[in-house]
């Protein structure tokens, strides 16, 4: 008998609609899903935490509690990025411990824990803490293909995870690269050499996943990850209903009720209709190019979202071609959060700036320095030269060993900002300090769900007005203007002005590193922008003096906005 892990509330919607499903769409069907008999339901972790506060104006902790209240029989599962938790950097051990404890208290029964580089040192603290609180731990192995990845390596990794106390092993095939026969060999070897249950997680991006599931089940896989059909296929998982029928009447029969699954499917068809404008054609089709570019499902939908945000969706093909080049430069990391974000964002910047590594993200710098762990293969020497100072070498210890405790510090900061109502708020602030302050103060609004535009309806906006001021009438004509203007104190600053420094992309100002009157050299970091979930240092294009600073920390800027005048 094969068991099914349901991913509809987490990875499925993350892969297809960039994690925009609201809690209000989950709760009405949660109790019925609890009746199905899934091995577990993956409902939290991954990008859901970030999306809740950044886009949906929802408290992710409250979502978890609400789901736990309605799902009493099925274990709730989350995806935890090891030392990265649900963020995009390494957090110190005290934050990791506190997060795991609180996640368990709020309803998580099973922690699926992975490290993007398969560096088990980055999984140690999370595994130990989850075991300590009595949760089930599933150690996940990120599957990828490259000149340096082999079945033998994956088997050795699984043995290490078994020794560390994991209760089961997950083959996490985030890009849909696992072929049916390679999957068969991998699972067969694992069943021969370790004694833990095996779960296989894949995506349909390349079209291989349903076939691969049948072969890994034949090889002895105990569980497979599936999604209810309206949120299946494309960059998501295989459909639950199809897998249930495929195995019916065999020794692998799941025992799940197809009638009940179809009732759940009918509900999600309505949910799908609500979000239909978020379903990108790119993430819904089978795209065998993934076998070349190795872009995971969640990364693909986020890539589309990021390029739309930057007004550069026409660069999609170029970015797809750049991703494998950046991945090779970085030593072939598996493309899963946060490395998918690190590689993907750097590839986007390389294309948008029309020069490779003209802007290098802080995350790439930290990755190259070893702060994310040990890469599977050596990093491109040219990139090492650009990132490392003379005589500097990447670290070789467990990255978290270099991180001082943060809990007391972030607790004090959060309390001073007046944003703490419960202990979980401190963790939210620790993970996402910039966005959390606005969220916890109630300053954010949920982004609207895109609606289908009325076809054929033309909205006419007048372009000429008569304006009366103190009895005198003026004729005003409004025309679209190419380029970006930023008005400050009744004057207009344009990108054409001498010394104007413009934003290379759309984002939020997180740090201003200079003051008016400061002298800067070409290449000095003047501003840090957060865009595409990463922080990007913006360098001065010239040597000179900072005459004007036209932005404040927390401001949103668009591509081409003038942010400073440096002469």
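Every residue, even glycine, has its Cβ placed from backbone N, Cα and C.
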Binding-site annotation, Swiss-Prot, divalent metal cation: partner of 11, 201, 203 in 32, 160, 172, 188: 172
Residue among 81, 89, 265, 272 sharing the substrate site, where Swiss-Prot lists 10, 11, 12, 13, 14, 337 as binders: 81
Cβ neighbours of residue 14 (substrate binding site) where a neighbour is any other Cβ within 10 Å: 28
Candidates 13, 337: member of the binding-site residues with the richest Cβ shell (10 Å): 13
Averaged pLDDT score, the domain 'Pyruvate carboxyltransferase' (2-262): 97
Length of the line joining the Cα atoms of residue 201 (divalent metal cation binding site) and residue 11 (substrate binding site), in Å: 10
Residue 11 (substrate binding site) CB neighbourhood, other CB atoms within 10 A: 29
Counts of helix, strand and coil residues, the domain 'Biotinyl-binding' (492-567), according to DSSP: 0 helix, 40 strand, 36 coil
Residue from 11, 13, 14 whose C-alpha is spatially nearest that of residue 203 (divalent metal cation binding site), among the binding-site residues: 11
Rounded inter-Cα distance in Å - residue 337 (substrate binding site), residue 172 (divalent metal cation binding site): 12
